[in-house]
Amino acid sequence: MPKKFKGENSKAAEAKARKNAREQEAADRAEKERLDELWKDDDKHIARKLQRKDDKEKKRVEQLERKKELQQLHEQEMDSIKGAKAHAAKVTRAQILENQERLAAAAEAAKIKSQLSHDEVPLEENVNRIEVEGTEARNVDEAISALSVSSDPQLDRHPEKRVKAAYTDFEATRLPVLKQENPNMRLSQLKQILKKEWMKSPENPLNQRSAAFNEKR
């Protein structure tokens, strides 16, 4: 059996040692890579957890802000509704008073118109009266006076035709004065006073005719 040389054993041992070293180095490198991957996974997991937490906090803050905004909008809407109701109530009261005055004025105007129109309604002929050119007389003296009136061109034989226009002018002049003299009176009350003054006013064509007729007599 041949003998083994010590030099050969030494070379084999060195080769084996180098091989083992390479294998160990590869193993260490693989382990390091494995650990690095684990750390990367942990970092991603932690980052995802932090991101979810941050998103959750942002969502909570947004919900609080949205809730606060809705509350403010609700309060503003309620304030506007209250203001609108108060304004509507004031307008309604003002309209009621205005409508009442308008109705009273219309009723008074209709009443005056009815009374004025009554003077224009033709009556049934009375055999006891004599009419001379629109002037009526119930006896001989009045007939003579009527003839005198009809012969005078300065006398107005049909004043009722000017009553409406004359009353309008009279109202335009006197009503503001009555309002100033009686600020607490309603329009209907002022109209009643105006009507009484009109019935006695010399601006009333009917009163002018009566005065002229009496002067001629």
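The backbone N, Cα and C atoms fix where each Cβ goes, and this holds for glycine too.
Since the structure is predicted, the reported quantities are computational estimates derived from the model, not experimental observations.
Sequence annotations record features per position, and here TrEMBL assigns compositional bias 'Basic and acidic residues' to 1-45 (among others).
Secondary structure by DSSP for the compositional bias 'Basic and acidic residues' (52-76): 25 helix, 0 strand, 0 coil. The annotation compositional bias 'Basic and acidic residues' is assigned in TrEMBL to 52-76 (among others).
According to TrEMBL, the domain 'Coiled-coil' annotation covers 126-208.
Residues or ranges marked as region 'Disordered' by TrEMBL: 1-76.
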Local confidence of the domain 'Coiled-coil' (126-208) - pLDDT mean
72
